[in-house]
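K.L.:
Pulled from Swiss-Prot, these are the listed features:
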| type | residues | note |
| --- | --- | --- |
| COMPBIAS | 104-116 | compositional bias 'Basic and acidic residues' |
| COMPBIAS | 120-135 | compositional bias 'Acidic residues' |
| MOD_RES | 93 | N6-acetyllysine |
| REGION | 98-135 | region 'Disordered' |
C-alpha cells in the first residue's frame, strides 16, 4: 500500500458536519486494511483568495496508508460532496506522523501565551506583596 497526504476544505457553513465526515473517511480507510498515520483538524481558517465567494473554510489534513481503490473512492466522494469546496490527494514516499507546521505554530503560540500569563500573574503577586510591606 502507498502513503498519501489528503487535505480537504469544507464549506464554513458545514463545519458541524466535519467530525462525521472524518469518521466516514477514516472508516473507509481502516475498513480496507489501511492505516491513518496523522489526522489534524485545523479548523476554520482564512483562505488566500476567495473560492466561490467564500473567504473562509474548514481545513482537515490526513496522512494515510491505503490501497488505490480507497483513494479513488475518497476522491469521488470529495468531488460529489457539495460541502467539500477543495481537496488534494498527494502520494508521499514515507508515512508522516509528526505534527504539521500548522499545529506546531499553534502549540508554540499557546505556550508563549501561557508563559506570558504566568509571568503576569507572578508580577502581580510581587506587586501586591510590595504594597503590603509599605503599609
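For all residues, glycine too, the Cβ spot is worked out from N, Cα and C.
Tell me about the surroundings of these features in the structure.
P.N.:
Across the range of the compositional bias 'Basic and acidic residues' (104-116), the DSSP-based residue counts are 13 helix, 0 strand, 0 coil.
Following the DSSP three-state reduction, the secondary structure of residue 93 (N6-acetyllysine) is coil.
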K.L.:
So if I draw a 10 Å sphere around the Cβ of residue 93 (N6-acetyllysine), how many other Cβ atoms end up inside it?
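P.N.:
Looking across every protein chain shown, the total is 7.
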